[in-house]
Amino acid sequence: MNAMLHTIEFVGVLAFACSGFIEARRKRMDFVGVFTVAFITAFGGGTLRDLLLDRRPLFWVENQEYPILIFIFALIAVPLLRRLRHVVTENILEWADALGLGLFSVTGTSLAFESGMPMFVCVMMGVVTGIFGGVLRDVICNEIPLVFRRSQLYATCAFTGCWVYLGMSYFEFSDAAALSAGIISTFALRMLAVKFDLKLPA
Amino acid sequence: MNAMLHTIEFVGVLAFACSGFIEARRKRMDFVGVFTVAFITAFGGGTLRDLLLDRRPLFWVENQEYPILIFIFALIAVPLLRRLRHVVTENILEWADALGLGLFSVTGTSLAFESGMPMFVCVMMGVVTGIFGGVLRDVICNEIPLVFRRSQLYATCAFTGCWVYLGMSYFEFSDAAALSAGIISTFALRMLAVKFDLKLPA
Amino acid sequence: MNAMLHTIEFVGVLAFACSGFIEARRKRMDFVGVFTVAFITAFGGGTLRDLLLDRRPLFWVENQEYPILIFIFALIAVPLLRRLRHVVTENILEWADALGLGLFSVTGTSLAFESGMPMFVCVMMGVVTGIFGGVLRDVICNEIPLVFRRSQLYATCAFTGCWVYLGMSYFEFSDAAALSAGIISTFALRMLAVKFDLKLPA
């Protein structure tokens, strides 16, 4: 279970960093901008959650492998992504991003729950963990955050997954089962939203 | 006194959330955006103050009624505001917003003062509490913050009210008297600024 | 040594505040905006670092002289800068800014190092301290941060200076020597970048 979570985390961090990388390149940023935006997209949500919950040390402060990984990624991303063009398709990125969204949101909720927060706040913390990296990416890139515009369900998927997790915890399922169910329901709902172009009503 | 402060708080939170709601709708955001922007407008200033002063738990983390209230408000705001069009006029919103500005600024100053901050910093913390919700709203909506543009006095009213509060505390008036004087002077100055279109010189 | 560091700090804070002031004026902000943007440019980086490292009290909270200084500066900057036009040239501002960048970055790294952070994270914290004031300035002024665009080396100079500091600390040079070397190398690299228009490759 733990190994699987670490794999998802790794995949999710890379997918988030990738989306920051692509946005920063589109804005013609140089290496400093590309690295910073990729980093903030990957870790902004979790960092904001930890600031709000007053948890220290921050995830990426304790594990400097991740900042270094993104630093190297930002250095080699252009040739790497060109070479892997046929492997890393938009489709794969959507999958990886949805997995990351599920994992970050559900574990964010779980951390808030352990700190004794009330239910609705736990879900908010989970959604913040999942989506605020992307929000900060768009604010820095001088765009209205994509996740707030009328686009395919995204925050809503995280919101649902977090309630699934809390619900299963409430009925005393094992933590592994609740985590998996939360991540899978976020992932599945997000994939459905992409496939069938599901949006919230205006 | 306490009941009155709670009423003002409630009115102020709703007025701030309303201004976030209106701005988010103008930018054609969906429910996720509307809720988030309304929430950040209402609680952004107080949250930033608490992060700066290292106070926990955050106000809205302890009182999950408020996030839930804004969630419900964001769900029903469109029909609600249409139905109440003749009651909730622009005028009423200005009143409610000015009351909220007064309350949040003066209580922000009072909290900083209790933590033993120097005077000028207390006033800054008060103004931050009052105005930074609106600043974050505008940053997320990709606008230059309204309160920084040459518009009718806003931060200046909060600034004045905070000094009134500190001055009266210094001369050992009761806390209730100092709070009321601070809130009323913020409110009155803001109402004058709206009525007579008062602005800072360029 | 300490007196020299305080002088550099003073010069750097003024230079940073000045760049915030100029940007805010360009956006036609009023006094509230000008003061806030100048303040955030000067102290935003250090404040973010302290939030991330959970250090309190914040620098400007403990030393209210600095907020007051910037308040007065924002009041009198227009006539002051006009009168000093022949003394405070763009050239002088670049010098002062580069000194500030060096000092803030290297001391940021040093603070993170004392808190026992891993090396790469220390350098990141240093660069954050040096550049995030400017990043926040540009975000509030609704621009893509200058330091992320393809402009003359800036963050890269801070990055280099922080590694010089850490390297010399590692080889057990005195702290004064390591600090000086870090600040001087940041400063020199930045001056070279301005003079020879050095940029990162695309």
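Cβ atoms here come from the backbone N, Cα and C positions, even for glycine.
Bear in mind that the values here come from a model prediction, so they are computed numbers and not experimental data.
What TrEMBL records for this protein:
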- C:6-24: transmembrane segment (TRANSMEM)
- C:8-78: domain 'Glycine transporter' (DOMAIN)
- C:31-52: transmembrane segment (TRANSMEM)
- C:64-81: transmembrane segment (TRANSMEM)
- C:93-112: transmembrane segment (TRANSMEM)
- C:95-168: domain 'Glycine transporter' (DOMAIN)
- C:118-140: transmembrane segment (TRANSMEM)
- C:152-171: transmembrane segment (TRANSMEM)
- C:177-196: transmembrane segment (TRANSMEM)
Quick check: do the transmembrane segment (C:64-81) and the transmembrane segment (C:6-24) share at least 3 Cβ pairs under 8 Å, counting only pairs 6+ apart in sequence? yes
Within the same chain, the residues 6 or more beyond the ends of the transmembrane segment (C:177-196) and with Cβ under 8 Å of it are 5, 8, 94-95, 98-99, 101-103, 105-107, 109-110, 130, 152-154, 156-158, 160-162, 164-165, 168-169
Selection from C:6-24, C:118-140, C:152-171, the stretch that has most Cβ pairs under 8 A to the transmembrane segment (C:31-52): C:118-140
Counting each residue once, how many in the domain 'Glycine transporter' (C:95-168) are helix, strand and coil under DSSP? 59 helix, 2 strand, 13 coil
Averaged over the domain 'Glycine transporter' (C:95-168), what pLDDT does the predicted model reach? 95
Which residue counts does DSSP yield for the domain 'Glycine transporter' (C:8-78) in the helix, strand and coil classes, in that order? 60 helix, 1 strand, 10 coil
